[in-house]
């Protein structure tokens with residue numbers, strides 16, 4: 001237990017150092033946060049436009065869809081704030097910067113994920129929290145202490161899925177040896193499709209979003225909370241899927257680390 005506490009303490013210091021460096025340029029940081037908020041606002045305008053044409057989208061009301069969007073925003077925002085370093089892994093591999101991490105007495109995977117702070121995540125977290133707070137009072141859920149705990153578990157599981165998928169796809173840099181990881185970017189963009197009910201897509205897209213499995217970040221957890229038939233049944237497996245994703249991402253990262261060859265001289 002003391003080792004875990006020490007690891008968390010060091011990780012907090014890593015993030016703190018990067019955050020202070022980012023905030024040295026406050027104007028840039030504020031612009032980044034503002035851009036993130038504007039991006040999320042554009043998504044909400046799109047949802048509002050859809051529901052001006054139809055009152056219900058494949059059995060989902062506007063506020064239910066916004067609840068899914070809020071869960072995805074929170075997962076992306078927290079991931080950017082606390083695990084942004086995974087997106088820098090391809091550069092570390094190609095430039096040999098990973099060599100420095102290998103000789104430090106601290107888990108390499110934590111050094112990688114803690115190697116940067118994405119301040120854009122702050123905008124996503126604040127906006128997502130406000131949207132979630134607005135939506136929970138307008139969706140058909142009988143709130144109780146048990147339901148609140150279940151919702152918290154689903155939200156945390158969605159975050160773990162998002163973080164694990166980001167780590168696993170970025171860890172492909174060990175094999176691709178490219179300065180940029182197009183697969184990780186593509187999977188991240190694919191996650192935008194999972195902000196809406198999967199039933200609006202064809203079988204192929206639904207299967208892809210489930211297998212990847214970005215649909216477990218927001219859609220399936222929300223379906224489980226709202227009791228949306230078969231998707232709700234699948235959604236109850238979100239905590240299990242999250243643990244499986246975390247274990248799988250760690251194994252992919254460790255496998256890549258074993259084949260890593262220094263780029264230095």
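Just so it is clear, glycine is given a Cβ too, placed from its N, Cα and C backbone atoms.
Taken verbatim from TrEMBL:
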type     : residues : note
TRANSMEM : 29-51    : transmembrane segment
TRANSMEM : 63-83    : transmembrane segment
TRANSMEM : 108-134  : transmembrane segment
TRANSMEM : 141-160  : transmembrane segment
TRANSMEM : 198-220  : transmembrane segment
TRANSMEM : 232-253  : transmembrane segment
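Using a cut-off of 8 Å between Cβ atoms, the transmembrane segment (232-253) and the transmembrane segment (29-51) share fewer than three residue pairs, counting only pairs 6 or more apart in sequence. Here the transmembrane segment (108-134) has Cβ contacts under 8 Å with residues 7, 10-11, 14-15, 18-19, 22-23, 29, 32-37, 40-41, 44, 63, 66-67, 69-74, 76-89, 92, 98, 101-102, 163, 167, 250, 253-254, 257 of the same chain, all six or more residues outside its ends. Simply put, out of 29-51, 63-83, 198-220, 63-83 has the most Cβ pairs sitting under 8 Å from the transmembrane segment (141-160). Nonlocal intrachain contacts for the transmembrane segment (29-51), taken as residues 6+ away from its ends with a CB within less than 8 angstroms of a stretch CB, comprise 22-23, 57, 62, 65-66, 69, 73, 77, 119-124, 126-128, 131, 192, 195-196.
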